[in-house]
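Asker: Provided herewith is a single structure, encoded as structure tokens, for subsequent inquiry.
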Amino acid sequence: MGLEEFKDRNIGVKNYITVQDDNYPKTNGEVFKQIVKRSLKGELFTGLKITFNMMREALFKGKMHTVQYPAEKLPIGPRYRAVHKLLALLESGENRCIGCGLCEKICISNCIKMDTKIDENSRKEVLEYTINMGRCIFCGYCAEVCPELAIVHGQRYENASEQRAHFALKEDLLTPLDKLHLQKEYEGFGAVSPDADEKIQKTPLQY
Amino acid sequence: METSIIIETIIKAIVVLAVFSALAGFTTYIERKVLAYMQRRLGPSNVGPYGLLQLVADGIKLFTKEDFIPQNAARPVFMIAPIITAATAFIAMSAVPFFPEFELFGYVVRPIIADVNVGVLFVLGVASVGLYGPLLAGMSSANKWSLLGGARTAIQLLSYEVVSGLALLAPLMLVGSLSLIDINNYQAGGFTSWLIWSQPLAFILFVIAGFAETNRTPFDLLEHEAEIVAGYATEYSGLRWGMFFIGEYANLFTVCFLVSLIFLGGFNDLWFIPGGLAIVLKVMFLIFFFLWTRASWPHIRPDQLMWLCWKILMPLAVINILITGFVMMF
Ligand code: SF4
Ligand code: SF4
């Protein structure tokens, strides 16, 4: 490429292919011809025919595109990133989170806050865990980074609430004890795939 | 004798007012349903069976909404404008014969409030006075969108008024009377004597002008939400807004009755269908047609409307009058 071509700044206007090039009428005669053609072609009636057929099919063949939203919901993708869930351990019902703080660190909008302490068994205990849903951008980093699969993205996409406080409570996110049997293991964004066991080598302690 | 006429007229006026305000409300429901099915949605369906009570809900909403008047608006004009629209729409109906004469308890009822001998002229005149409503509303609202809507009202009036008048001239020449009852009786000979067969062009022109007069979709310039928010009605709320719409739908009925009376045989018996039912069917079909076009056709620009009306439709109407005149002469 020569210097000339480099200096040419009118790149945008070149090599343009107009996809649809109408033949616009140029003279008055052509304008008149177009008007007559369009008036007599009955394009308007084609439009009427289409809408009438739409109505006929909607009325008699039940071809509707409406979802009766609160009563009927569309399925969403399994990896959709909606409101978080804090999963519990299936055996004990205890919170899975080990309080490592990785999610708090990685969260790019700084909406995870947690409070931990060392308990009497010298284990880390999570005292408080809040996600400010008003700030969260649902990027999924927290679920991605969590080593314990404790925080995942659930399927609850209806986030409207009357109170700000509802957007940050751990109780709302954590699976309640009586619902533990309903907790599905590998679901939601941030969870490993169902065939993870085959893919991952066991730790040396296992064998 | 005198008092009985007065009482009869008052009763008729009340009946017309009640029936057509109710019908105006009901038409909004029908419109939403028809548009919904044409666009494969459901329309109102939650309040009451098939959403029928949605009407009542909307009515309650309109009645209880705050009546809002903008700070810099010309208050009296702003408050009167919707009344003009609604009132003229109903006044125009007073010269429209809705049904054939019928007998009630041995008393012959003529379902027309005032059989003036210039019926068509009266209806068209009063209906176009109705456009003062949007015009004044747009100008008094102290809102630029409303002002644009008002300006477009003027454009619309200038465009269609000449077409509707000229289009009607040719059939009126044939009938030789301006009374709507005479026009109706002229077509008493059944299906083949309908004026639409001898005046097809006038029919098309008048229907197009009717679309503009009732500001229905291809020509809904005054309050096109996509362009000028809600046009002349931007600042209106509650019942005043409601009055605009009652007026608009009442106008729609007037235009449909006019078209049926002048071109489609009016309330004459049609084969086995009695006249009263025939005209209701015709009006219903026309209303459906108005809704149908709303779902199908795009809206046009104000300059296109003027271009259409003055450069295409008006010459066509004049040619139609000339041809009619020559045919009648020879
Ligand atoms: S999804 Fe993103 S923004 Fe929301 S809490 Fe997790 S890391 Fe923070
Ligand atoms: S990354 Fe997981 S385990 Fe670590 S603090 Fe967050 S939720 Fe708990």
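Placed from the backbone N, Cα and C atoms, the Cβ positions cover glycine too.
Note: TrEMBL annotation is automatic and uncurated.
Straight out of TrEMBL:
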| type | residues | note |
| --- | --- | --- |
| TRANSMEM | B:6-30 | transmembrane segment |
| TRANSMEM | B:77-99 | transmembrane segment |
| TRANSMEM | B:119-137 | transmembrane segment |
| TRANSMEM | B:158-181 | transmembrane segment |
| TRANSMEM | B:193-212 | transmembrane segment |
| TRANSMEM | B:249-267 | transmembrane segment |
| TRANSMEM | B:273-293 | transmembrane segment |
| TRANSMEM | B:305-329 | transmembrane segment |
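Help me understand the surroundings of these features in the structure.
Answerer: Taking Cβ pairs closer than 8 Å, the transmembrane segment (B:6-30) reaches residues 44, 51-52, 54-55, 58-59, 90, 93-94, 98, 109, 111-114, 245-246, 248-250, 252-253, 287, 291 in its own chain, all 6 or more past its ends.
Listed as Cβ neighbours of the transmembrane segment (B:77-99) (distance under 8 Å, sequence separation of 6 or more from its ends, same chain) are residues 13, 16-17, 20, 69-70, 110-116, 119, 122-123, 126-127, 129-130, 132-134, 136-137, 139-141, 180-181, 184, 235-236, 240-241, 243-244, 246-248, 250-251, 253-254, 257-258, 261, 266-267, 275-276, 279.
Beyond the ends of the transmembrane segment (B:193-212), by six or more residues, the same chain brings 156, 159-161, 163-164, 166-168, 170-171, 174-175, 183, 186-187, 218-219, 255, 258-259, 262-265, 290, 293, 305, 309, 313, 316-317, 320, 324 to within a C-beta distance below 8 angstroms of the stretch.
Listed by sequence, the residues of this chain that lie at least six past the ends of the transmembrane segment (B:249-267) yet keep a Cβ under 8 A from its Cβ atoms are 20-21, 23-25, 27-28, 86, 89-90, 92-93, 96-100, 120, 123, 127, 130, 168, 171, 180, 183-184, 187, 190-191, 193-196, 199, 202-203, 206-207, 210, 213-214, 216, 275-276, 278-279, 282-283, 286-287, 290.
Panel annotation: around the transmembrane segment (B:273-293), residues 27, 30-31, 34-35, 38, 98-100, 102, 211, 214, 216-218, 252-253, 256-257, 259-261, 264-267 of the same chain, lying at least six beyond its termini, place a Cβ under 8 Å from a Cβ of the stretch.
Residues 155-156, 158-160, 162-163, 166-167, 169-170, 173-174, 199, 201-202, 205, 208-209, 212, 219, 221 of the same chain sit 6 or more residues outside the transmembrane segment (B:305-329) yet have a Cβ under 8 Å from a Cβ within it.
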Asker: Would you mind listing the long-range same-chain contacts of the transmembrane segment (B:158-181), meaning Cβ under 8 Å and 6+ residues beyond its ends?
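Answerer: Answer is 95-97, 112, 115-121, 123-124, 128, 195, 198-199, 201-202, 205-206, 208-210, 212-213, 219, 258, 261-263, 266, 305-306, 308-310, 313-314, 317-318, 320-321, 324-325, 328.
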